[in-house]
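This report refers to the structure that appears directly beneath it.
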Amino acid sequence: SNISAWWNFGSLLGICLVTQIITGLLLAMHYTADTSLAFASVAHTCRNVQFGWLIRNLHANGASFFFICIYFHIGRGLYYGSYLNKETWNIGVILLLALMATAFVGYVLPWGQMSFWGATVITNLFSAIPYIGQTLVEWAWGGFSVDNPTLTRFFALHFLLPFVIAGLTLVHLTFLHETGSNNPLGIPSDCDKIPFHPYYSTKDILGFAL
């Protein structure tokens, strides 16, 4: 019964994920995964598609809001000892890594200068791995430099990973349901439990509204 507003960020992350998937699907309808057309297709979406500018801004800024929420969520977990629920925490770590990978490949898709050099720099980090590094980099590129095959596989990954994240989120929630949420005191107390609805559902709705 003493769970505070710091526990709102989990539900906010769920809303972020749903928003990103919906806006992403709408953007994918107008995107062309080709190095000579990608930038123009994004510009076309913003200028010519009805409310395309809004969908694109919701998707781009939604990604930033996603990370703001996830860092608050992690900070709360560290402060209040949520990492003691190992399975839930470990799935959360995998979710964070999947989210970072999704954000990175998404950053490359508009195919501006920042996209191209971002892809070049980050993928080249794999070349530091002994023996297999260069092979890994060329496999990620689909050739000997960042080019069309790189963009098409990054688009495929960016489309697929959010559904993997959604699946992992369900696993995360299943483990959370098994152990129950932590609380500010860090002391499990069955006699002090209250129903999720209406007490926390209204708190979450207020969080969404804000």
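Even glycines carry a Cβ here, placed using N, Cα and C.
In TrEMBL this protein carries:
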- 1-185: domain 'Cytochrome b/b6 N-terminal region profile' (DOMAIN)
- 186-210: domain 'Cytochrome b/b6 C-terminal region profile' (DOMAIN)
- 6-32: transmembrane segment (TRANSMEM)
- 53-74: transmembrane segment (TRANSMEM)
- 89-109: transmembrane segment (TRANSMEM)
- 116-134: transmembrane segment (TRANSMEM)
- 154-176: transmembrane segment (TRANSMEM)
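The list of residues near the transmembrane segment (154-176) in space but at least 6 beyond its ends in sequence, with Cβ under 8 angstroms from a Cβ of it, reads 14, 17, 20-21, 24, 28, 31, 33, 85, 87-88, 91-92, 94-95, 98-99, 101-102, 105-106, 108-109, 119. Using a Cβ-Cβ cut-off under 8 Å and counting only residues 6 or more beyond its ends in the same chain, the transmembrane segment (6-32) has close neighbours at 38, 40-42, 44-45, 49, 52, 55-56, 58-59, 62-63, 65-66, 69-70, 72-73, 76, 80, 109, 155, 158-159, 162-163, 165-166, 169, 181, 200, 203-204, 207-208. Proximity of distant same-chain residues to the transmembrane segment (116-134), defined by a Cβ-Cβ separation under 8 Å and at least 6 residues beyond the stretch ends, is recorded for 104, 107-108, 140-141, 146, 150, 154.
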